[in-house]
Amino acid sequence: IPAVGVKYYLHFTTEDYISGQNAGSCVATVLYLKNSRPAVNIKCLHTKDQNQIQDEDNRFHQQLRQQTKPIIANDIPDSHGNIDRALIPVWGLAVAGSSYVMFEKSTENLGYFMAQVKAVKQRIRKDNAAEFEFAVLLHETPTQKIDLCHIHVIWTLGHPLRVKYICASENHRLEDGSGMESGSASGILHEREGNF
């Protein structure tokens with residue numbers, strides 16, 4: 001679109017990040033605007049039973065709320081690509097939180113995927129929310145650079161994730177992720193706060 005940007009029409013399938021099962025198909029339009037984030041319109045048909053998804057979320061959220069000692073872990077997956085079974089849901093939460101960062105940082109010619117959770121620490125709360133601090137490595141393509149991002153995630157069951165982040169690329173330049181935006185399928189809300 002002259003003087004506006006480039007618009008793409010996509011049709012793709014999704015999969016459950018943990019089980020690898022087909023989770024549905026989506027159609028989307030993505031308009032890459034000059035000097036701003038892309039405008040995305042997406043509609044998905046889910047094949048996974050929504051009640052099953054809610055049950056899994058409820059179990060995981062309840063487990064997090066009952067923790068008396070915080071979950072603390074490093075290197076997920078490990079150097080052999082393995083993830084401790086107990087940490088798979090935490091990995092999924094890191095993927096959900098970092099997806100907002102990847103959306104913010106991606107351009108028409110530059111993409112990201114989460115390569116590893118370097119560190120995670122749960123913050124025990126007295127309210128009904130689960131809170132985590134993640135240090136994740138994002139792999140940038142096609143440059144092959146690795147960015148370290150510190151991501152703060154607050155999850156209250158039935159509500160969008162609240163996410164804030166700060167990233168440093170290999171040259172250690174800090175980027176503050178600021179703004180407020182609704183997320184896609186699972187709903188991610190980026191929260192503007194002070195430095196952490």
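Placement of Cβ uses the backbone N, Cα and C atoms for every residue, glycine included.
When pLDDT values are averaged over the domain 'Cystatin LXN-type' (1-52), the model yields 85. TrEMBL lists 1-52 (among others) with the feature domain 'Cystatin LXN-type'.
Positions annotated as domain 'Cystatin LXN-type' by TrEMBL: 72-176 (among others). Broken down with DSSP, the domain 'Cystatin LXN-type' (72-176) shows 21 helix, 55 strand, 29 coil.
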